[in-house]
Structures are given as structure tokens and as C-alpha cells.
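K.L.:
This is the structure, below, for whatever I ask next.
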Amino acid sequence: MFVRLTRPASATLRRGLATSSQNNAKVAVLGASGGIGQPLSLLLKNSPLISRLNLYDIAHTPGVAADLSHIETRAEVKGFLGPEQLPESLKGSEVVVIPAGVPRKPGMTRDDLFNTNATIVANLAAACAKHCPEAMICVIANPVNSTIPITSEIFKKHGVYNPNRIFGVTTLDIVRANTFVAELKGLDPARVNVPVIGGHAGKTIIPLISQCTPKVEFPQDQLVPLIGRIQEAGTEVVKAKAGAGSATLSMAYAGARFVFSVLDAMNGKEGVIECSFVRSEETECTYFSTPLLLGKNGIEKNLGIGKITPFEEKMVAEAVTELKGSIKKGEEFAKSMK
């Protein structure tokens, strides 16, 4: 039997506004000056779950930190600039969020970002492995299907690998699925929860509409375009921004939602569940996104795929080949690094 503990999505950012005796988390954002990094840092600054917010980037972080530091919430904000200040930005961090990297432009796939972002993520992962090896590492930088294997391999090289603490943030796929299903059914999107499994690119994004709460059904001629829209929603934003960027605001929201869930679980809250792209034995892929029960030490239990429809089974089968290729590409890149 597959049991899912759910909560209204609207509670996600409000959870960041809850109070608790353990709300003293130290969080670092690597890539804090970018299109995702700035709004993400704003949302994190707004949360009393966080007592220290370290912002790192290769440009503009002193200004971003100064700006955010004027907000009347308790998190102390400090900016760190350039590689020489990276170690200091990580010391004592319990959660590290990595939105660093270049965004997609029209006509680009997430995979096209590989060469640039792979190097950035590998270098940042190495710094994390050296200076905060016990931290929860939340990677937003695309292509997530490759950057998570890269991060894992770098941590292995440093002898500090813990698969329960390295997460590929795929939350935006869930947020989009919730929104689009709610639009079609006239529901409050804050009360819709669609698990999204697989990976975080194109057909590897597998929304499990059959496991949606509340229960919804779509005829095939509605279901196929709905799935397609969820899978290509990032491209929808890239096209709409016409060269001015990719999904930054919605990704910042999704990233903050994931971080607050991690912090809630670290604070001892029970029943915290999020989907994330992690080391996995649920399929023949060595990394796969499924619903995870989070705890004080990261992943407490992988809740697996659960019961799915033949249509969803077919999507999983079609995603596996592409996922395996992306995973292998990331692993080989990390292993080739000096």
C-alpha cells in the first residue's frame, strides 16, 4: 500500500514564517546575485527558520547583501565575493542552495548548459565537500539530471559522500503540475498535490496525475497535452521572456519551498514529503526523483513510485534511456576532473 502524507502547497512559504525553538539554521546561497539567486535569497531572508544567510557569487553580492540586510527579519545577511571568499561563505552552513550557472536562452535545451554549468557546480561542490561536508546540498543548477551525479562524484572524491544529503531540486515541476491541473479543474492550486517523478528535463519529467490529491481524471485528449505542457513549461517561459532569461521567479519560489521543507524536517517536524532527484534504487537508473520522507538527517525514507497507470509506466520506460545518458555524462565529467 502506498501512503502519501500531503499538505496544502499554500503552506509551503508560510512554513518559512512559522516559529520554533530550533529556528537557527545557517543557510548559504551560491549564485546569490543571479536571476534565481536574488528572489530566492529574498524569500529565505523572509523566514524566521533562518538565523544566518550567507550570499556568495562572483559579482554583486555585497550590494545584494546590503539590500536584503535592511529587511526587518532576524536572519543576518552577509555577502561573499569571488572564489577567495567562497570557503568563508560555507563555514558552519547547514543547508547550501546552488542556483549558480547560466540560464537557458531560446532554442537551448537544459543539456546545452552542460559544459558551463558542470564546471561551476563541480567547483562549488568541491568547496562544500571541504568546508561544510555535513550540510544538506540542494542543487538547482541545470541540467539537474547531470549536476546531481557530478555533485555526488565530487563528494565521493573527498571521502565525505552521504547520498541522503544531496538533492536535485525538481520542485518547480510539482508546482507547475499543481497549477496547471488546478486551472483545468477549477480547483485552488494551493490544495492540489501532484507527485512528479523521474528527472528534470523534457520527457524525464513524469507527472503522476493518477496520484494527484484531490483525485482528478482527464480524458486522454486532455491528459496528453497537460503532460506535455508540464514537461515543456520551462521552454514556455524561455520563449515568453524572448531572450531575457528563463524561469527565475517561479524557480525561486520552488527552491524556497524545498529549503523550508528540509529545514522543517531538520527541526523535527514529522511527515515532511517532497519529490527530489536523488541517489535511488527505485528503478534501473542510479538517480531518480520520487517522493521522499525528509528527516533530521536528510532522506529518512524513499517512498518510491507507488501504484501507477499503464500510461505512466510507459512514460517511466521512455525516460530511463535519456536519464541513464545524462547520469553517465555527469559522472564521467566529474571523474575526468583533476
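Backbone N, Cα and C define each Cβ position, glycine as well.
Pulled from TrEMBL, these are the listed features:
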type     : residues                                                                                       : note
ACT_SITE : HIS200                                                                                         : active site, proton acceptor
BINDING  : GLY31, ALA32, SER33, GLY34, GLY35, ILE36, GLY37, ASP57, ASN117, ILE140, ALA141, ASN142, MET251 : NAD(+) binding site
BINDING  : ARG104, ARG110, ASN142, ARG176                                                                 : substrate binding site
DOMAIN   : 26-168                                                                                         : domain 'Lactate/malate dehydrogenase N-terminal'
DOMAIN   : 170-333                                                                                        : domain 'Lactate/malate dehydrogenase C-terminal'
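Can you tell me where each of these features sits in this structure?
P.N.:
The Cβ neighbour count for HIS200 (active site, proton acceptor), using a 10 Å radius over every protein chain in view, is 27.
Non-local contacts of GLY37 (NAD(+) binding site) by the CB criterion (under 8 A, 6+ apart in sequence, same chain) comprise VAL29, GLY31, LEU55, ASP57, VAL64, PRO99, ALA100.
All chains included, 23 other C-beta atoms sit within 10 angstroms of the C-beta of ARG110 (substrate binding site).
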K.L.:
Please give the substrate site's span as the largest CA-CA distance among ARG104, ARG110, ASN142, ARG176, to the nearest whole angstrom.
P.N.:
18
K.L.:
Given the recorded positions ASN142, ARG176, HIS200, which lie close to ASN117 (NAD(+) binding site), meaning Cα to Cα within 10 A?
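P.N.:
Taking ASN142, ARG176, HIS200 one by one, the ones whose Cα falls within 10 Å of ASN117 (NAD(+) binding site) are ASN142.
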K.L.:
Other than ARG104, ARG110, ASN142, ARG176 themselves, what residues in this chain have Cβ atoms within 8 Å of the centroid of the substrate site's Cβ atoms?
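P.N.:
Sorted by sequence, the hits are PRO143, HIS200, ALA201, GLY234, THR235, VAL238, SER246, ALA247.
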K.L.:
Pick the one among the binding-site residues SER33, ASN142 whose Cβ has the fewest other Cβ atoms within 10 Å in this structure.
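P.N.:
Counting other Cβ atoms within 10 Å of each of the binding-site residues SER33, ASN142, the minimum falls on SER33.
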